[in-house]
Amino acid sequence: MKHLMTGLALGALLAATPALAQDTKVIGVSIPAATHGWAGGMNYFAQEAVERLEATYENLDFVLATASDPAKQVSDIEDMLATRNIDALVVLPFESEPLTGPVQGVAESGAWVTVVDRGLSQEGIEDLYVAGDNPGFGRVSGEYMASKLPDGGKIVVLRGIPTTIDNERVEGFQAATEGTGIEILAMEHGNWNRDDSFTVMQDFLSKYPEIDAVWASDDDMAIGVLAAIEASGREDIQFVLGGAGMKEMVKRTMDGDAMIPANVTYPPSMIATAIEITAVGLVSNAPVSGEFIIGSVLVTPENAGQYYFPDSPF
Amino acid sequence: MTATQTPPARAPRRGLPSMTVLGPILALLVLLAIGMFLNENFLSHANITNVLARSAFIGIIAVGMTFVITAGGLDLSVGSMAAFIAGLMILVMNAALPALGIGVPIILLGMATAVAAGLAAGFLNGILITSLGIEAFIVTLGSMGIYRSLVTWLADGGTLSLDFGLRTFYRPVYYDGILGIGWPIIVFAVVVILGEIAMRSAVFGRHCAAIGSNDQVARYSSINVNRVRLMTYVFLGLLVGVATIMYVPRLGSASASTGLLWELEAIAAVIIGGTVLKGGFGRVWGTVIGVLILSLIGNILNLTDLVSPYLNGAIQGAIIILAVILQREGRAGG
């Protein structure tokens, strides 16, 4: 009797497994851990998208892994492929070079690959590429700066961590301000960090007796810059332009703070866009391969309400 | 025997100070001269105040680090510890806001939290190192990771911010002072003076040096080695708490990137100042010079356009190594 029962159960299990594998598709999501504000927001939006999609589609299953360094991310992806047999991978690479090989391995296994924000070092691996527009981020910032200072002016620029992202943004900004009468007094790396940008701004204030505006290029850096200006008691700086749309800063723009008249988005929620589109591709016959570039939008007091997410950590 | 040998050994020291003493001072003077030459605002009151105030965090911590290193230990966790304490302080103050309201009591509560957390964190490091006999490098490497993760977790990956009204009230602790000298500078100076006295004139400093040069001999000389070592870590934890009290009012926030690499800056400052990394000899005033040298390099590089900003780290590194080479040559010659 006992044997019969086990046999039956085994039979039922064997019959059930292939059916289950056919119905349920697994999407692996691999992203860097929340090491700074923007990444924290990205983690929040990834988790939110996964929860929402799991509730919407019964036949989709998600594996979410956050990595604190590229090596850990490589292991995560290898584990997903080996133990969960993923049908699709959504990956925001920590660094392009070390992740290219492992992601190529996933693509060769036949799984769908979506790459987010940072491209791989070899073209043609991914089925879908979702990214922000870094040159556009710089261009929109530069154009705003030029429109706000129609008669020209002296500005200082805080740059991020030395990376391709930062270079593309600064080049876009320089191209947009060229020939407008805006003079860039100096550029220095504030490393997307409040403390570093505070220090750099203090030294800019000592060095230049007159500064009309600051392109902080990031909201974390804008906070450091604002604190340094406030402490110096200087009145010559008309405004500070940050970027990336941190909720506290968007709120201040919304409330009409003259020092922070605008913001330029580089939304961490682009990870949610990538997960959504990948899920649509798996459950429907809508074609989703190609590139999806999310534009950087100028946030002003008029439209700030649309870009204010009080629940997000960023 | 000993009495006849001591005078000849001491005689050269009484003449000209050796390079171990002069090296860091010379390096500081050279930097000051370069700064003056390159920018006329370098010696302005505002710039000097800025540099001293921003040196205060690392400086206060580095004074504690001097004792830990002198006693043959090391603490890699101070940067993460500062971030964690800052996060904890902000959470506690925000949570107490409805009950206490904005005023002096809530600031005192925040300060007490920072001091208590610093003492506890230092005690934990110290007790693991002394009672369980685990290498200081390993214990503090572990606690460095733990505190860094804890602050990321507390902040939910984002940034912890002090309530705006509270921040405005607390702000003067960083930005104001007496007679134009900021509070961070005053606190830093007091910590240095107390540290210098403890290192030079108190039994504690002599015990640290004895343990650092040979802990077996120290043990036979009836020094309670474990207790003194534990005290150096507790003392350092306390100073990390004090540094955090000065740090939080500056920007009113803490995140995963707060205090990043502070431990290495503090250790570098201690070594530039002439304290021996292996232990056995420490110099608190040297540490102050080391901290100032590190801050001034960054300040001068920001005030001039001579070097590509990409090379800031390389210049800092070269100056650290140069400062130590200067001391070594002095030691070989004298």
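Cβ from N, Cα, C; glycine included.
Listed in TrEMBL for this protein:
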TRANSMEM  B:21-39  transmembrane segment
TRANSMEM  B:51-74  transmembrane segment
TRANSMEM  B:81-100  transmembrane segment
TRANSMEM  B:106-129  transmembrane segment
TRANSMEM  B:175-197  transmembrane segment
TRANSMEM  B:230-248  transmembrane segment
TRANSMEM  B:260-277  transmembrane segment
TRANSMEM  B:284-301  transmembrane segment
TRANSMEM  B:307-326  transmembrane segment
Query raised in the report: Relative to the transmembrane segment (B:106-129), which of B:51-74, B:81-100, B:175-197, B:230-248, B:307-326 accounts for the most Cβ pairs at distances under 8 Å?
Result: B:230-248
Report task. May I ask which of the stretches B:21-39, B:175-197, B:230-248 has the most CB pairs under 8 A with the transmembrane segment (B:81-100)? Result -> B:230-248
Query raised in the report: Is the transmembrane segment (B:284-301) close to the transmembrane segment (B:175-197), in the sense of at least 3 CB pairs under 8 angstroms with a sequence gap of 6 or more?
Result: yes
Query raised in the report: Taking pairs 6 or more apart in sequence, does the count of Cβ pairs under 8 Å between the transmembrane segment (B:284-301) and the transmembrane segment (B:51-74) hit 3 or more?
Result: yes
Query raised in the report: For the transmembrane segment (B:230-248) against the transmembrane segment (B:51-74), do we get 3 or more Cβ-Cβ pairs below 8 Å once near-sequence pairs (under 6 apart) are dropped?
Result: yes
Report summary line: The answer for the transmembrane segment (B:51-74), taking Cβ pairs under 8 Å and residues 6+ beyond its ends, is 82, 129, 136-137, 140, 174, 182, 184-185, 187-188, 191-192, 195, 198-199, 204-205, 207-209, 211-212, 215, 228-229, 232-233, 235-240, 242-243, 246-247, 262, 265-267, 269-271, 273, 275-284, 287-288, 290-292, 294-296, 299
